[in-house]
Amino acid sequence: MKYAAALTAVAALAARAAAVGVSGTPVGFASSATGGGDATPVYPTTTDELVSYLGDDEARVIVLSKTFDFTDTEGTTTTTGCAPWGTASGCQLAINKDDWCTNYEPDAPTTTVTYNTAGELGITVNSNKSLIGEGTSGVIKGRGLRMVSGVSNIIIQNIAVTDINPEYVWGGDAITLDEADLVWIDHVTTARIGRQHYVLGTDADSRVSITNNYINGESDYSATCDGHHYWNVYLDGSSDKVTFSGNYLYKTSGRAPKVQDNTYLHIYNNYWENNSGHAFEIGSGGYVLAEGNYFSNVDTVLETDTFEGALFSSDSASSTCESYIGRSCVANVNGGDLTGTSTTVLSNLSGDTLPSADAASTSPASNAGQGNL
């Protein structure tokens, strides 16, 4: 009987391992990402084990089947911060990271801030990793993920990253890339984040696809003091190429996205709902092709006062795209001022194989994020 039970247990583990893997294939600029490939799946059980698997030099398929709570793993830090947006209960405060309060908000009242130290810096993710969640069970709480300094070939799918010092700007980012290549982030939910849900830093992030994710900006704390998160998607790279597709951006108030500094963004078939401020902020060096997107109850789709980049976008289907990318571009819905006719954007993307956009819809609201593979 014991022998039979052991065989049954082994068979169950083998079946579980065989069933685990990346679902679907990446689209867009990171279409050739393979992550950990066919490596035998590993199932971390502690935060230390998860950090070790993500940061080592082995090709790995890492499966999350529980919540990994980093909130108290490094204790708390108490220091002097500032209150740039006031001290009302719904307003975020700011940590004085790198003298940010001192240099950029010198007139803001100072205040004492106490935050969870672990959240400040994300977990290092090394090359050739697939990080996959089981069902809706795979959650990283209190700390984000960080892909930097030349890492490549990473897939993150079907997990949630939540609760990173949401009271405090500079409390931590959910997903950080800086000098990373071939990164596919798919069906990830991010919620209650102190700073950016996604940030691509000033070094080149060559081929990145951010698809079918749920950026949940609903929070008790906000820089706009209204329960809508301001810091959402910041693309600040050098020679970056980013595909942003099928994502659901809910209750945001700014930087959704902010694009600048030689970043090429193909942003299509996303859904914005209940944005109390602006969605797009396009600075110098931001090149954006926006098509097939749907906007519902968005106060300002494009921040026109600070616009310095290049945009191709239209509220009606455009055949101008034909001669550059081999097909017509697809109209946005309720795009407001998100109109641009820069053929520089199209010309610079003409050598790339761009996925086709579908007609704009609200489907990401039910299809994006963890648990919706």
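Just so it is clear, glycine is given a Cβ too, placed from its N, Cα and C backbone atoms.
Copied over from Swiss-Prot:
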type	residues	note
SIGNAL	1-24	signal peptide
DISULFID	Cys82-Cys101	disulfide bond
DISULFID	Cys91-Cys225	disulfide bond
CARBOHYD	Asn128	N-linked glycosylation site
ACT_SITE	Arg255	active site
CARBOHYD	Asn274	N-linked glycosylation site
DISULFID	Cys321-Cys329	disulfide bond
CARBOHYD	Asn348	N-linked glycosylation site
COMPBIAS	354-366	compositional bias 'Low complexity'
REGION	354-373	region 'Disordered'
Cys225 (disulfide bond) - helix vs strand vs coil (DSSP): coil
Nonlocal neighbours by CB distance (under 8 Å) for Asn128 (N-linked glycosylation site), same chain, sequence gap 6 or more: Thr34, Gly35, Gly36, Gly37, Glu58, Ala59, Arg60, Ser152, Asn153, Ile154
Neighbour count (Cβ, 10 Å) for Cys101 (disulfide bond): 25
Cβ atoms near Cys329 (disulfide bond) (within 10 Å, other residues, all chains): 26
Rounded to the nearest Å - Cα separation of Cys321 (disulfide bond) and Cys82 (disulfide bond): 47
For Cys91 (disulfide bond), the number of other Cβ atoms found within 10 Å of its own Cβ: 17
Integer Cα-Cα distance in angstrom, Cys101 (disulfide bond) to Asn274 (N-linked glycosylation site): 29
Candidates Cys82, Cys225: member of the disulfide-bonded residues with the richest Cβ shell (10 Å): Cys82
Three-state composition of the compositional bias 'Low complexity' (354-366), taking helix and strand from DSSP: 3 helix, 0 strand, 10 coil
Chain-internal residues, separated by at least six, CB under 8 A from Arg255 (active site): Gln196, Tyr230, Trp231, Asn232, Val233, Tyr234, Glu281
Cβ-Cβ neighbours of Cys321 (disulfide bond) (radius 10 Å): 23
Nonlocal residues around Asn348 (N-linked glycosylation site), in sequence order (Cβ under 8 Å, 6 or more apart): Tyr264, Tyr287
Nonlocal neighbours by CB distance (under 8 Å) for Asn274 (N-linked glycosylation site), same chain, sequence gap 6 or more: His228, Tyr250, Lys251, Ser296, Asn297, Val298
